[in-house]
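Engineer: So TrEMBL has the following annotated:
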DOMAIN    A:18-330  domain 'Aminoacyl-transfer RNA synthetases class-II family profile'
BINDING   A:E80, A:A81, A:T82, A:R111, A:Q125, A:E129, A:R256, A:Y260, A:Y261  L-histidine binding site
Amino acid sequence: MIQLIRGFKDILQPEASLWQHIENEARRLFESHGYREIRLPILEKTELFARSIGETTDIVEKEMYTFADRSGDHLTLRPEATASVVRAYIQHKLSGTEPIRKLYTIGPMFRRERPQKGRYRQFYQIDAEVFGISSPYADAQMILMLAKLMERLGVTGISAHINSLGCPECRPLYRENLKAFIHQHTEELCEDCLRRKDKNPLRVLDCKNESCRKAMTEAPELLDQLCTACADHFALVRRELDRRNLDYKINKRLVRGLDYYTRTAFELQTDMLGAQSAVAGGGRYDGLVKTLGGPDIPAIGFAIGFDRLVEVITQAKPPETPAPSVFFIPLGESAMEKAFDFCLQLAEKSIEADTDYSGRSLKALMKRADRLAAPFVVIMGDSELQAGEVSLKNMATGEQRPVPLDSLVEILSLEISGQEAPESGTQDP
RNA sequence: GUGGGUAUAGCUCAGUUGGCAGAGCACAAGGUUGUGGUCCUUGGGGUCGAGGGUUCGAGCCCCUCUACUCACCCCA
């Protein structure tokens with residue numbers, strides 16, 4: 001048997017329906033905030049990621065699916081979306097006509113890591129980016145929009161964390177201060193931290209090792225050493241979040257793994273994903289557009305871990321496979337043809353109907369209808385058809401009554417909309 | 001890349017010192033010539049992850065491999 005690739009995943013029912021629901025909600029919410037979809041290729045030149053994400057990050061150093069194509073070009077399956085969005089923004093000169101662009105994109109990303117809970121080699125992100133706004137209002141808007149999406153999806157057990165990572169003015173200074181502090185505490189640090197203390201000292205701050213945590217409690221905080229511009233920016237973001245009563249935590253140890261981040265960084269965290277904590281993460285990247293050869297335009301973005309979000313929602317409430325609204329049970333050849341016609345007719349009216357062509361017994365088909373969880377069953381037998389009617393049965397109450405053939409579609413429409421109205425009312429807050 | 005755990009029916013899992021391959025659920029037929037859920041009866045289903053070894057005999061013991069899973073690292 002041929003199996004799927006390690007770390008890859010088939011999304012079956014009923015999960016796939018939940019994916020659809022999440023995607024629809026996200027699109028609706030983003031569009032109503034002025035975001036527009038951009039669709040991008042999943043293959044890019046390797047150089048794009050090396051230059052944007054950072055040559056020394058784990059992603060670029062060891063996690064990318066990179067290969068040479070037949071012409072010898074180095075290509076990479078995208079490990080994240082931002083680089084591609086920025087590339088497209090620059091390449092098509094989107095800043096020329098209208099520098100302010102709010103974009104979103106949904107699709108698969110690839111990282112060749114060891115799979116575990118909440119981590120796959122092909123995973124999906126819902127990604128949103130804003131170009132051309134340096135104001136902290138953009139930061140606040142994105143965080144609030146993210147929180148709103150969680151609310152609409154009924155997600156609980158998630159908390160928002162925010163931090164500021166400074167800018168090229170203040171971060172290098174802080175980095176040196178932090179390095180100096182770390183060098184005074186080298187005996188207390190774990191092996192990993194000793195390895196990364198020079199290359200990526202900020203990472204030492206969020207090490208999970210007990211001894212490292214202890215040693216770093218007194219470490220200087222970037223938040224205390226922000227330049228005036230960054231401090232003001234951060235204060236404004238907070239002011240707007242407070243004004244909208246968003247529940248969030250200032251997390252001074254929130255460090256993001258990609259080199260391009262500046263100023264505001266944020267994450268939605270949960271403890272429902274095993275060793276993984278981030279359901280969504282993002283931040284400002286004011287220098288990246290220029291770094292990649294575009295104009296000096298500020299930007300901010302976030303990515304939602306689609307798989308992780310599904311996992312969190314599924315844990316709270318397992319999804320159910322959608323059921324047809326009505327199931328036709330034809331007894332005999334002429335009944336089968338009628339059932340076939342009715343299914344097509346109802347589909348035309350956006351009512352999902354199903355039937356069975358196996359010719360099995362009424363009992364067997366009742367069982368099937370029950371298993372499909374259809375709320376209504378239409379029994380079409382010879383005696384009824386000769387009288388020009390069928391039997392309509394309500395599966396919940398067991399009630400059954402004869403219905404004339406020519407008014408069946410109309411009656412079904414009424415019954416089904418009557419069933420669905422209270423249900424959709426409770427789902428929409 | 002490193003470490004732990006696991007692999008037996010579609011699913012969840014038992015399987016005794018090495019001696020005929022099992023249960024529950026699910027599926028199918030019947031109990032009722034046209035009525036689901038509950039109940040009863042019967043039935044179909046297996047490369048015991050793969051390959052090798054020990055043995056009269058291996059699901060069980062040994063070796064190798066693979067996959068899944070959890071964790072480290074890191075991230076969405």
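Each residue, glycine too, has its Cβ placed from N, Cα and C.
For the listed features, I'd like the structural context: burial, neighbours, distances.
Structural biologist: For the domain 'Aminoacyl-transfer RNA synthetases class-II family profile' (A:18-330), the model's pLDDT averages out at 91.
A:R256 (L-histidine binding site) counts 18 other C-beta atoms within 10 Å of its own C-beta, drawing on all protein chains shown.
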Engineer: Across the listed L-histidine-binding residues, A:E80, A:A81, A:T82, A:R111, A:Q125, A:E129, A:R256, A:Y260, A:Y261, what is the farthest Cα to Cα distance, given in whole Å?
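Structural biologist: Spelled out: the longest distance between any two Cα atoms in A:E80, A:A81, A:T82, A:R111, A:Q125, A:E129, A:R256, A:Y260, A:Y261 is 21 Å.
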Engineer: Tell me whether A:E80 (L-histidine binding site) sits in a helix, a strand or coil according to DSSP.
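Structural biologist: The residue in question, A:E80 (L-histidine binding site), is coil (DSSP, three-state).
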Engineer: If you count other C-beta atoms within 10 angstroms, which of the binding-site residues A:T82, A:Q125 is the most crowded?
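Structural biologist: The residue with the densest Cβ neighbourhood is A:T82.
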Engineer: How would DSSP class A:Y261 (L-histidine binding site) in three states?
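Structural biologist: Coil, per DSSP.
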Engineer: Does A:Y261 (L-histidine binding site) have same-chain partners at least 6 apart in sequence with Cβ under 8 Å from its own Cβ, and which are they?
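Structural biologist: Same-chain residues close to A:Y261 (L-histidine binding site) (Cβ under 8 Å, separated by 6 or more) are A:L165, A:G283, A:R284, A:Y285.
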